[in-house]
Amino acid sequence: MAAILLIFLLMLSFPSMNAGSPPSPGYWPSTKFRPMSFHYAFKSLWGFSHQSVDQNALTIWLDRTSGSGFKSDRPFRSGYFGASIKVHPGYTAGVITAFYLSNSEVHPGFHDEVDIEFLGTTFGKPYTLQTNVYIRGSGDGEIIGREMKFHLWFDPTQDFHHYAIFWSPKEIIFLVDDVPIRRYQRKSDATFPLRPMWLYGSIWDASSWATEDGKYKADYNYQPFVAKFTDFKAGGCSAYSSPRCRPVSASPHRSGRLTMQQYKAMKWVQRYHLVYDYCKDHKRNHALTPECWN
């Protein structure tokens with residue numbers, strides 16, 4: 001019994017294996033793109049009275065009357081898309097802050113989408129960062145999501161952190177502070193978004209599903225729920241670029257292939273901070289997500 005107690009005390013004396021930050025990725029793609037003015041690159045889409053811009057920092061908020069959203073002026077067919085974001089602290093159940101690519105307005109009911117979403121939470125529980133990919137209507141009607149969810153290694157309510165989507169004709173890479181956290185490969189045309197998309201951001205009420213599958217709803221006694229965006233970056237091939245436009249890279253390699261150091265950092269995140277992977281969910285019908293077994 002004394003030996004067991006000693007082992008327990010020793011475990012408390014040392015930090016856990018997943019304490020601290022991920023290994024350095026060795027490459028910082030966000031530094032390769034210049035920040036853009038919000039008014040230069042984006043336009044307000046809805047909830048105009050629930051957003052403000054101050055020295056290129058955009059604030060959007062949700063209350064019981066409305067949320068808010070914005071959209072890039074140009075569509076893209078590939079590129080790097082990033083922003084530094086700070087989300088609301090405290091009780092935020094049911095509230096989603098999103099930064100994503102989509103073509104839903106030009107392909108309603110049959111659209112593509114690539115998401116970074118902060119799923120609101122209750123007191124004492126961390127935010128969940130959800131990444132997702134929809135292809136040709138899999139986000140319409142019968143939803144076929146490709147979610148991977150993370151609890152971050154920092155508190156996203158305390159400071160700005162940089163979140164990005166790298167989308168090339170071969171793969172999609174999600175990054176947090178330049179650390180790759182997920183790689184989604186093009187294994188077939190049927191399971192990969194290939195049509196041009198716009199860059200969006202929003203805050204809205206998704207009480208029906210956002211927090212523990214809808215168990216906890218938005219509580220407007222805590223309104224307004226505020227999200228802040230700054231350091232907007234978008235670079236790559238727009239839908240109007242020459243066919244010779246070369247996709248940008250998320251690594252030092254022109255091919256875009258991640259380095260071993262970047263893979264090491266991504267594996268660390270997935271080992272210690274991944275909390276859901278759709279491919280490992282045995283309740284899912286993976287005949288609908290063939291990339292899981294191809």
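Glycine too: its Cβ is placed from the backbone N, Cα and C atoms.
Record features (TrEMBL):
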type	residues	note
ACT_SITE	Glu113	active site, nucleophile
ACT_SITE	Glu117	active site, proton donor
DOMAIN	15-229	domain 'GH16'
SIGNAL	1-19	signal peptide
Return the residues near the residue listed as 'active site, proton donor' by Cβ distance under 8 Å, restricted to its own chain and a separation of at least 6 in sequence. Ile96, Thr97, Ala98, Phe99, Tyr100, Leu129, Gln130, Thr131, Asn132
Measure the Cβ-based neighbour count of the residue listed as 'active site, nucleophile', defined as the other Cβ atoms within 10 Å of its Cβ. 21
